[in-house]
């Protein structure tokens, strides 16, 4: 394979050849291991700015939950379930389109610019939705917002994996799930007055433009991914960014680790076919399967159907949504605490096992053995348990884990492919859930979901390696070794 050649700059510290590289590796061997872990506080501000995109993701998923009825009355499509469904699903369609191009965007213009590009359609789309007087304007605004939502999740997973110190990478990865939960809860809280105050739904859309503007502005001052800079031959800039993120003592060892793999990595552009055959097939298969199993576990069906179940138990929809949001947030916080202690693999196993058990409660609730009151308690308890256990592992881990296991050369594009799989299955689960519930009944449907959860447990045991505390380079060597 060809040796990596770097562009020359005026900097005296720029790494231009193998002699310089070998001297850095020697420095790493003698001194790098003695310097301990870098300070987590240096990288934290950059991570917090990036997770604003996750907040926006959650906010836009939930913003139409409480406001859809008011929107339909104001825009004149009240009573049309097709129009209401389009307002919700157009956003998912935009997210699919955005996710398809996210890898090429992140590799082409860098992680920071990709965040800013993600914020732009969210600002424009939210403004269009807030000011529109027609269904068509609302749908266009939702589609634009969706494209930003599609770009954001894979880029934030890349960014967190590439700028975080390895010993807190799992904790930082959990921030994205927590930010998504806070966005969902924030959207539900802000939307509560919509049924009482005319035009309040417009305020709900205007509000989302502010965090999007904050993301675009503060990302200008955040660090770029040193991995991306080194791939572009900008080694001096990569050193400067590592100094921001890790501190001066750790710059040389961090650069040395990257160069160990960069030396033999080909500079040719990654083709789509590269992801599905040969050297990289295994990791892309693992990533796509994890996202597919995440959606086939039935979690989004639980989210979509939770209000109906709570309503049957006599719980108002806004209180029901808050209960689900709190369970989601609680599990995400626990995951943040445990991610770098127990590891990603353990959390995935516990999460999918817990979801299988919660689906078992739903099956029991739908059986003839449960009394009417018992069935309600089992349904509500099963739903909350499902959301809680999902947020422990199946929710936050796949995005972080995939960014860790994908090699640097394909990381951005492979994330885009896996997120596209996520959105396609998400769409079909949402589309078919209620129809399947009518056709085959809750017992069979929840049994199918439980079966997918158990398949996920077996898949994780066989295919997922533990990445806790390992550098991205160590993980790449372990997975792609002959």
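Glycine too: its Cβ is placed from the backbone N, Cα and C atoms.
Note: TrEMBL annotation is automatic and uncurated.
Bear in mind that the values here come from a model prediction, so they are computed numbers and not experimental data.
Here's what TrEMBL has on this protein:
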TRANSMEM  42-62  transmembrane segment
DOMAIN    46-468  domain 'Major facilitator superfamily (MFS) profile'
TRANSMEM  82-102  transmembrane segment
TRANSMEM  139-160  transmembrane segment
TRANSMEM  172-194  transmembrane segment
TRANSMEM  200-221  transmembrane segment
TRANSMEM  280-307  transmembrane segment
TRANSMEM  346-370  transmembrane segment
TRANSMEM  376-402  transmembrane segment
TRANSMEM  414-434  transmembrane segment
TRANSMEM  440-460  transmembrane segment
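Across 139-160, 172-194, 200-221, the stretch most heavily in contact with the transmembrane segment (414-434), judged by Cβ pairs under 8 Å, is 139-160. Contacts between the transmembrane segment (139-160) and the transmembrane segment (376-402): present, as 3 or more C-beta pairs lie under 8 angstroms, all at sequence separation of six or more. Per-residue confidence over the domain 'Major facilitator superfamily (MFS) profile' (46-468) averages 87 (mean pLDDT, predicted model).
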